[in-house]
Every structure is written in C-alpha cells, then in structure tokens.
Amino acid sequence: MSEKHPGPLVVTGKLSDGERMKSQSNFLRGTIAEDLNDGLTGGFNGDNFLLIRFHGMYQQDDRDIRAERAEQKLEPRHAMMLRCRLPGGIITPQQWLGIDKFAADNTLYGSIRITNRQTFQFHGILKGNVKPAHQLLNQLGLDALATANDVNRNVLCTSNPVESVLHQEAYEWAKKISEHLLPRTRAYAEIWLDAEKVATTDEEPILGATYLPRKFKTTVVIPPQNDVDLHANDLNFVAVADKGKLVGFNVLVGGGLSIAHGDKNTYPRKASEFGYIPLQHTLAIAEAVVTTQRDWGNRTDRKNAKTKYTLERVGVEVFKAEVEKRAGVSFGAIKPYQFTGRGDRIGWVKGIDKKWHLTLFIENGRLLDYPGRSLKTGVAEIAKIHQGDFRLTANQNLIVAGVPEKDKARIEALAREHGLMDDSVSPQRENSMACVSFPTCPLAMAEAERFLPEFVTRIEGILQQHGLPDEHIVMRVTGCPNGCGRALLAEMGLVGKAVGRYNLHLGGNREGTRIPRMYRENITEDEILAITDQLVGRWAKERHTDEGFGDFVIRVGVIAPVIDSARDFYDVQEAV
C-alpha cells in the first residue's frame, strides 16, 4: 500500500444485507420458482425481489398511479422490466421481429427501449408473462442472464460500421469477454427454461459463491470514437490496431459515475490506465481484474463497493500489480490513442466493405408507434426485408448495418415513411440523452425521458437566439444520482434531486474524458434555462474556433475543472 492510499486490501466489518442474500440464495435460485406460482401478489417477495436482478429483471410499478392504488387499498401495479444480454449490441432482423411481437402482445406499454448499454429492455411484463419472456429469448438465441446486479453486465463495443474488419474483431472480443465472465450457475436454465436439475454442486470459479461486491461494467472501445463512455465503466479494453487489424488493447480500470446525494464518500471517477496487452492475454486480464475486485471490493457498504473505490483505497499500482500477478501477465506501456467524439453518425455511411450502414436517431431509445410516427412498426418493416444485422448503439440509436446498394433506396423509403429519418432533427437533439426514470423506475427522483424532448426544444431556441442553430452541447439528464443517463460525463449534466428539480453540472467535454462539476444545486427547469441562456450568449461571442461548450466554460472561469474527482469533485466553486 502507498502513502497516498493507506487503506486495507480487504474491508472488515459487518457484511451488508446483500451479501447475506447472495450467500443464502443457493447460487441465485432463492425461491423464485415458488414465487412465480404465488397468485396473491403481482410481485416477487423477500430476497427474490433482488435475486431476479441476476436474471436480468427489475421489479417495478407504475408510479403515476401508485398513490391512487394505495387509496383503493390495492398493492402497487407490479410489473417487471427485463433487459436482454446483447454484447456489442448486435441483433439479427429475425430476432428483432420476435422481440417486436412480444413487446406488442405481452407488455403493458407495448414499447421496446434501446438502452445506453447497447441492449433493449421490455417494460411492463406482468408476473405471468415473465417465464414466457425468458423462453422467447432462448428460442431466439438470446438470454437475460447477468444484465443486472453484482455481476459483469452487458459488454459494450464501439459501433463503428465504417471500419468493418476492425469492428468485427472488436465485437468478437466483446462476446468472448461476456461469455467468459458469465455466472456458471444453472439457476437461470432451471427456473426459466425448465432445464433438468442436476445433483451436483454449482461452482463459480470467477465470480465466487457470493458473486461481486457490486455491479461491474466492461467495454471494448475503438478510438477515435468514445461512444461507449469508457470512463463510466469498471474495465475497458481500448483497441490498438496495426494496418486496420486489431493487435491488442490498452486496459483502463476503475471508472464509474454513480453517487449518492449528500454522501461525499461517493463520487464519480475516471478509469485509470493500467497498460497495454497483446490480444492473447485479454481474457486472463479480464478475469484477473474481476477476481481482484471480487476479493478486495468493499462488502460492508454497497455505496462504497465499486471498483473505483477499491482503487482509491488500495492504490492504482497495488491493484495493477495484483492483476499482473493473478494473470501472469505484465502490462506494457500504454500505446498512443485519442478520442475525438462520441456521438453517432446519423444517416448513411459506406463501410470499407462497400456495404452501406444507416444510423437511425431514436429519441431516448424508445421505439413505440406515435401519431404520425410509427417508429416501432417502421423498424419491424425494415427487419422483414433487411439482409444484414441491426446494431444498437450506446447513444440509444439503431444502425441498420450491412445494406447492399440495391436495397438502400427501399430501406430509406421505409425509414422516412415511418418517421425514422427526419432531416429536421437538430445536432442538439442528436446529442442529448436521458435515462428512463418515471413512471417505471423505482429510484427516480425527477423526470428524465419524459422531460427531455421539450427541454431540448427550449435549448434549441436558446442556441437559435444566439446564432448557433447548428451547434450542440452534449447534454444528459438522469433521474437520480445512480447515473444511468451518464450525466456526469456530459458538457451539461442534469441529475435529478426531486420532482421538478435538478443539480446542474457543467464542464465535461465532447470526448467524454472530463467529469463535470456541480454548478447549481436543486434548481428548476426555468432556472437551468436562464443559466443556459446567459452562458450560451457568452459562448457565442467569446469562444475560440471549434471550442465546445464544456471547454469554454472552463477556459473563461465559469467553473473549475475536476482534476482528481476522489479529492476535488465536491470543492465549492464560486460561480462567475
């Protein structure tokens, strides 16, 4: 341990109740199977409420009608959100048609939600439809295993359709990493797929009998795009190419954005550079990072249990040395890499494989049929004729990938007919993102997805007023401090504090390599817009050529940059 990080390798003390729950779960089985047959409640009881998360589900209820149901002496309208495991975000048109039909027939909302972790979610699955949902995924060659709770979650991979060979190689590694780090328990197959129970003891050689201390997120990144927001993730493999071929990875560890309001022991953190590895060591390094965090992560306090806190407690060099020891691999010096942006290239691009790729902007990732814009039907119609694949992006958009020249006009016609292509969408709207929040998320403190569209319209008005209609601010809204909307890597981030109120963070950058600092606490939409109007006015007049909004507010002293978030994230800055 270093002088800067005198903390112990293992935190001792009373374990959190989550650890009890996992240890008593019989490798994630609990009594979920019995609970499925309990018709007296629409929800899962006791430990099962949390255990189902390991199976890719969250128990939710419609918060818009919660009080009304309570007055009627009814339990909340319980329904499950189910999240698919889809490493790298690639799904076939045939698979898509299967999930499209299920969403229409078996969910309360009828929508498909593309997430910023490159997968899709069903919202509003009633308890009786949960098992059929898992069985449908299995029939389609998919599953929901380990997309939530204390495991390695869905592995992201940069959506880069132009560099087709490099993307394919990176995507294959994302799949391998995902498979390697999956739970080995047979609980998922037994409960949902009616697999035969085998009279052997489960083993979890990588994750351990009580799994990880907290959720764990992994990415494969292809510079110069940082669409996956690597600094929001525990483990990152940054692709290093030679003549267009993947040869190895720079490894970065310990990023994460989740905080808790009022708890200064929680903070966002950028990932630390560990070094370079050739391809053949990828799985060994992934496993070593995960097992080190498994053994050293804080199991007494879930708010302090993520990899970022372990690194701060023991020190980056100590953690890195342990990873090298466990993997039997020494990191080389970091290879040069640079990020230039993280937005998706909306519209058509041609790959080096001569195929065309169409990126469709899906506001908030929500596919539903709206009056005059039948988005969900449109994607299904494209799926019926498309010969390539679909790619879900970390910006919640959808790429129709691998389109031959002869099909291009037909697919564009369908996209335009159903409102999936709209030339009037502004750069600001394309670079704004929100988490789901109300009405389904139980953690929501303020609106996010439902708030964003009209809020963006008002931001567009401010940009227009100051002569910047084609400019944009990377803007994120998250309904609570858990950070699903990745607001703490935005140029302007809104973090929900209470209904109608947000903490406003400024000073991130377009590349996603700087954490924004809180500028105002607990303010209303109108207050945020007044501040934005003032600052955009200055930006329009005083900015340097091609200077982004986040870089500008730091350069002119509106706010100080976050340099070392574990120590300076909460420093109070006098606003200019």
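The backbone N, Cα and C atoms fix where each Cβ goes, and this holds for glycine too.
Quick look at what Swiss-Prot lists:
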- C435, C441, C480, C484: [4Fe-4S] cluster binding site (BINDING)
- C484: siroheme binding site (BINDING)
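Swiss-Prot feature annotations superimposed on the structure.
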residue: C435; record: [4Fe-4S] cluster binding site; Cβ within 10 Å: 27
residue: C441; record: [4Fe-4S] cluster binding site; Cβ within 10 Å: 21
residue: C480; record: [4Fe-4S] cluster binding site; Cβ within 10 Å: 23
residue: C484; record: [4Fe-4S] cluster binding site; Cβ within 10 Å: 22
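Those same-chain residues not listed among C435, C441, C480, C484 yet with C-beta within 8 angstroms of the centroid of the [4Fe-4S] cluster site C-beta atoms are V436, S437, L443, A444, A448, T478, G479, N482, G483, G485, G496.
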